[in-house]
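Peer 1: This is the structure I want to talk about, given as structure tokens.
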Amino acid sequence: MVSWSDDSEESGYEYSSGGSPIKIPATIEDPNYSGVDDEVMVMCEHGQPAKRHVCFEGISTGRRFIACGLDEASSCGVVHWVDEEWPEHLQNALHKLWLLYEDCQRANRMACLEHSSLVHNLTSQKNKLQETYEKLVEDVNNLLDTQGNIPKENEVQQGEHEEITPPLDNNISALKEQLGAMDAENKELKQKVDQLKSIQVAQGNVIRNLKFAHLKEKEKLSTERRNLEFHIDDLVKASDKNKRKLKDIKDICDEE
């Protein structure tokens, strides 16, 4: 509530008083309406001149107001709304736009969480496969080294070597098969990572398109607002003109 203080007649400023502080809504920068207000002459409860803002929140988006100039922790809240509430059809449109924006934000957050979780799982699988692959390679190298160091001094040792070689060859074949399976799994993981990158690019395109649509709708609302202001100015001019005509008619009647 706005009221006059005891010395307001001398200073010319209007002070806010009473009630609990109101949270200042989100704002948007407007170079045509910013800084300390010198026209309305409103001061907050701290005794400081209020500052100009343009609301960017909910159904009051685009409305100008004057608020306490201190930071949020020390602010005494909104002092005075300059613009009247928007017409009901415009409020409904703004409400729908903000609902769409919030739904889009929630969907993006959920998509990011799912994407992060999937990437984490794939990375863990890839690391485990990499460790298994490296262990298999090490085992193969050890087997090959063991096979190369088998002594071949005599026929008995040669016979023993021939008895040992087939199992080693079988183990090497099995390890090679496992390595081939690991390579196939690595290729599959790479394909999944490429798909995730494509999904991320598509999400980025969707977000950019939504931002463009939001800006376009905002521009449309600004145009409607300007047209509304022009219409109000025309009505005010027409009213003033009619008042002058009525005054002239009254003066003529008084003279007669």
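Each residue, glycine too, has its Cβ placed from N, Cα and C.
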Peer 1: Coiled coil per TrEMBL sits at which of 32-59, 172-199, 228-255?
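Peer 2: When 32-59, 172-199, 228-255 are checked in TrEMBL, coiled coil belongs to 172-199.
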Peer 1: So which range, 1-24, 121-144, gets flagged region 'Disordered' in TrEMBL?
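Peer 2: Feature region 'Disordered' in TrEMBL: residues 1-24.
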Peer 1: Using DSSP, break the domain 'GRF-type' (44-85) down into helix, strand and coil residues and give each count.
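Peer 2: Helix/strand/coil tally for the domain 'GRF-type' (44-85): 3 helix, 14 strand, 25 coil.
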